[in-house]
Amino acid sequence: MLKLLVSNIYCSHHLTPAIRVRSNPVNSLLFKSLTQLTGCNRSSLGLRAFSSDSDSSAAIASTKTHLNDCLTVIALPLLHKPLIPGFYMPIYVKDPKVLAALEESRRQKSPYAGAFLLKDDDAESTDSSSSSETENILEKLKGKELFNRIHEVGTLAQISCIQGEQVILIGHRRLKITEMVSEDPLTVKVDHVKDEPYDKDNDLIKATYFEVMTTLRDVLRTTSLWRDQVRTYTQVCSLNIWHCLRHIGDFSYPKLADFAAGISGANKSQIQGILEQLDIHTRLGWTLVLVKKELEINKIQESIAKAFEEQFKSERHKMLLKEQLKAIQAKLGVETDAKTALYEKFRGRIDPIKDKIPKHVLKAIEEELTKLKMLETSSSEYDVTHTYLDWLTVLPWGKSSDENFDVSRAEKILDEDHYGLSDVKERILEFIAVGRLRGTSQGKIICLSGPPGVGKTSIGRSIARALDRKFFRFSVGGLSDVAEIKGHRRTYIGAMPGKMVQCLKTVGTENPLVLIDEIDKLGVKCHDGGPASAMLELLDPEQNANFLDHYLDVTIDLSKVLFVCTANVIDTIPSPLLDRMEVISLAGYITDEKMQIARDYLLKTARRDCGIKPEQVDVSDAALLSLIENYCREAGVRNLQKHMEKIFRKIALNLVRKGTSLEVPANSDVVTDTEDSKPLAKTDLESPEATSAEGSTVLTDELATGDSTEPKTEQSVVVAETVEKFVIDESNLEDYVGKPVFHAEKIYEQTPVGVVMGLAWTSMGGSTLYIETTFVEEGEGKGGLHITGQLGAVMKESAEIAHTVARRIMHEKEPGNQFFAKSKLHLHVPAGATPKDGPSAGCTMITSLLSLAMKKPVRKDLAMTGEVTLTGRILAIGGVKEKTIAARRSDVKVIILPEANRSDYDELAENVKEGLNVHFVDKYDQIFELAFGYDH
């Protein structure tokens, strides 16, 4: 309930609740407290609430001035609430002139002033302003400005007591300002306002009065604060509350309206409206609205309190029952309590392996167990200790799985899981062989690097299967929180150990194979070093024997864990981290390998996943080749698998739509077309009409016939079922996977003047790249080169170097040729929407410029790659395998590679090098002869 509180314009102090005062307020306990606070004595206060004016003036003090004579008063502004007649209100006055004027009024036996509520101002709303802001606003209001800001209707208030800056006012009757007398202090002339005459026997007024009284009693039954107000008002603190409620019935109509408004929690504008309202029936109606609102608020408050009390009682009852249950169980000895059971569980975990647990870990466990016994189960620290002990005791201390270093078995497993990748398999077998000789497979951390979909993750799983180790994988792509690796501090809410501790708990052994996926995509470095710094300790064989997890706060031995990392590129891996790993590159699969993988694995998997039987689909080699060359050129086979699944989904949809089914009842004697079956009478119904829009379909009727010597039964004759077979070939492949995504990379059968084919590495494995140069204009001083094709900074520098080297070579070969000096040229690399960068196109750019200058095309079926220096030296490049595969895909016969990459080329498989004429060069002059010397 809101209280009638006020602070005037001269101060901003904490406010005290308004107390209804009767003829002898000093008997009130609250009023006694107020008297002690202010230092006022009993004789200085006296008021008969709602009494007649003459009685009131006589009871307040022995004053010489009658209330009717108070026509000129000092105006005191009230900020928060108006003063209702019959109530008192403490205010604080800091203005010395106002205080002096009030003291003078008391000395002259005229202790009265006018209390007027301050009007709201839109620019300076006191409801939203702080007390200090309000004080600053009020201090600016003086004289006429203050006169314009106060309400006309206020209350004639007796100055009951002045103690320092505190002034206690007691309201008597309503006033209305007529004019201003003086500005400092603000003094006004007033008229005494009386209530309008009303008929006490009016049924409407009486009904409203009784409704207010009834509602007020209902509120008083539920609100203790309002009951205190009534007790103080009626001076019957020792009586029962129902006696207090009966005193309300003694109020007159105006008194009841004022009393209810004075103790209600209404805002100041509503109470001011009641103060200004002189019509008794209207005032009672407005008061009824206020007390009804208070009643609704009290009901809501009571329901909330009741719900909370019921919940509290329920929890207290459960707690009591639990304690009683513990006491009963302790007496009977039938069961231990939860804490003891938890202690025994942890003790049962560590006792069998106590000899294998490191001493520092065992010491920490014992300390926490002792701590657990002393803690109460309701304590928050109990849950933290419980969780911590659960993690410490569940880890596989000293438990390892037996490793298998059988190289033959490992080779068989790798061949089963992966086709091709002979160089990668060889390196893994070497790793396993070293482990057999050493008795352990520890050593350098393996990092499998290659494009997406080449089988990096599955190779890690195969290594774990070959070694008989438990396998655990977690991805660090985008990881930016060090706590994911090192764990959280136990002081944090919801703290958890790092991934490695979770891994050991999951696998249950000390020596699993942990695959750290996407290590090249670790989160960016932050102020605390970032996750890459945390990985240094984890992946360093010299440090991870004492790996410290922040949550466990004890070191654990990770030296027995075999780490295998995967990455698409190693350029983004921090150098210190890369230095701790041994990189094995997976360049990807060539077309022949993809064909074999698709035929042996992907087709069978996709068909099985779609619920289609082998005899229902036939995919030709031409269709597979077209699918690989025109739709799935990436280095891996993940996209190829998606396209095959797409094909079989469409076939499944067609089968379901046509109602075709090969399901045969289990109890029938149908003879199927298998190796053990008898020859079936087949009728070839293939015809032009049998070819559907979805593809070529072959319809066959299979009639199962039994032995003629056997008697025919109902089960021996089975109605033939129609088998619809879908044949997928190159002609109808588009019906299943859409238009080709890739087209022939070879644009020219014979490259024209100024055009040379280069070789580039891409994330999809490799691609051919044309360098085109054309003549723009000719003239003195016009020599220059314009470059387009969304080239990176390195490639732009390569073009400038190529232009310079080409001019030097042309000057040496044909001194009189001024082509470069007088010609403006334009060099472009097609596929302008694709960003390109790298230095390996240098020799290709030089050849393109020289071809244009000499007006002579390069030899047919030629492709080249290599970085060129200003002196014409050819430097090594990367991605030899990918570039070689791209050249074969474009039917290139002659390839020029740097001499420094000869060893990389020699390591390639024979099926990759088959049919290629490769030249290794270390100077550009050799390229010049190979490109333009074909007619000699």
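Glycine residues also receive a Cβ, built from the backbone N, Cα and C atoms like all the rest.
Summarising the annotation, TrEMBL assigns domain 'Lon N-terminal' to 73-295.
Sequence annotations record features per position, and here TrEMBL assigns ATP binding site to G450, P451, P452, G453, V454, G455, K456, T457.
Among the features that TrEMBL reports, region 'Disordered' is placed at 667-715.
What TrEMBL lists as compositional bias 'Basic and acidic residues' is 675-685.
The compositional bias 'Polar residues' annotation in TrEMBL covers 689-699.
Taken from TrEMBL, the feature domain 'Lon proteolytic' covers 750-934.
According to TrEMBL, the active site annotation covers S840 (among others). All chains included, 26 other C-beta atoms sit within 10 angstroms of the C-beta of S840 (active site).
Annotation source TrEMBL lists active site at K883 (among others).
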Inter-residue Cα distance where the pair is K883 (active site) and T457 (ATP binding site), in Å: 24
Cα-Cα distance linking K883 (active site) and G453 (ATP binding site), given in Å to the nearest integer: 18
Cα separation, S840 (active site) to G455 (ATP binding site) (Å, whole number): 28
Whole-number Å value for how far P451 (ATP binding site) lies from S840 (active site) (Cα to Cα): 20
Shell of the ATP site beyond G450, P451, P452, G453, V454, G455, K456, T457, same chain only (C-beta within 8 angstroms of their C-beta centre): L448, T566, N568, L586, G588, A635, G636, R638
P452 (ATP binding site) to K883 (active site) - Cα separation in whole Å: 17
Among K456, K883, the one of these recorded positions whose Cβ has the fewest neighbouring Cβ atoms within 10 Å: K456
Local Cβ density at G453 (ATP binding site) - other Cβ atoms counted within 10 Å: 20
